[in-house]
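One structure is given here, and the rest of the page talks about it.
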Amino acid sequence: MMRILLFLATNLAVVLIASITLSLFGFNGFMAANGVDLNLNQLLVFCAVFGFAGSLFSLFISKWMAKMSTGTQIITQPRTRHEQWLLQTVEQLSRDAGIKMPEVGIFPAYEANAFATGWNKNDALVAVSQGLLERFSPDEVKAVLAHEIGHVANGDMVTLALVQGVVNTFVMFFARIIGNFVDKVIFKTENGQGIAYYITTIFAELVLGFLASAIVMWFSRKREFRADDAGARLAGTDAMIGALQRLRSEQGVPVNMPDSLTAFGINAGLKKGLAGLFMSHPPLEQRIEALRRRG
C-alpha cells in the first residue's frame, strides 16, 4: 500500500510542480503568442501517465526479463554443496536485513558479477554468476550477496523506477513542446500536426533521453554507496572491502550484463572521462575509500 501511495504522490507532485513552474514563467502565454495552441497541463498529465507507466511496467516484469536475458537458473532444490551454501547464506542475510528471502539463481558467465531485481523487496531475485562462485572466496561471495540484499532492503528497484518515471515524463513533455514549436512557428503548419512535428519530437526525445540518463545514473551511483554500506553491516566492512578489491583486480574481464540490470549489479565495468557520467556505479576506488572511512 505504501508503495502505491508513493507512486501516486510522486505522480501528483511532478504534475503540480511542473504546472506551477510553467505558469510562473508565463510559458503558456509565450506559446500562445507564437501561434502554438497547446494545453500544457493536459500534455503534462498525458506524459506523466505514460512516462510512469513505462518505468513501472519494466519494474513489474524485471524478474522475468532478468531470467530470460541472463539465462539465470533458479535454485529450488540444491544439487551441490555450493548451491546449498548459497541458499543458506542468502536466507541468513535476508533474515538479518528484515526481508523475505528472495529467489536465488546462478547465471552462466565467466565475469564475476551479481544482480538483484524485483518489484517488491519481499518478492525479489538475487543471482550470481558462475565465474563469481568459482573464483571468489566464501567471504567475498557473502559480501557480494550482502550488497545485493542491501539493494533489495533499501527498495532501490522501486526508487529508481520512480526516478526513471520522472525523467520519462519531462523528456516526453519537452520533446512534444519542441516538436509543436518547430512545426507551428518555423514550418507554419496551420491544421493539425505536420511531418516536422513527428520528426522533431522523435529527435528531441532521443537527445533529451540521452542527456537525462545522466541524471538517472547519478542517482544510481548514490544508491551504490548505500548498498555497499548495507553489505558492510551484513557481512562485515573488511569482507565488503575485500570483495570490491577482488572485483578491481578483474576489471579487464568484459562485462556482459544486460543494460537493464547493470544498475543493480555489483560490477558494471570501467568508464573514464565524460563517459563516467553515464556509469551506473561509482569507481571501485571511491567505493573502497568510502568503506574505509566508515571504519
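Backbone N, Cα and C define each Cβ position, glycine as well.
The candidate list Glu83, Glu224, Glu250, Glu285 contains one residue that Swiss-Prot assigns to the Zn(2+) site with His147, His151, namely Glu224. Distance from the CA of Glu148 (active site) to the CA of Glu224 (Zn(2+) binding site) is 10 Å.
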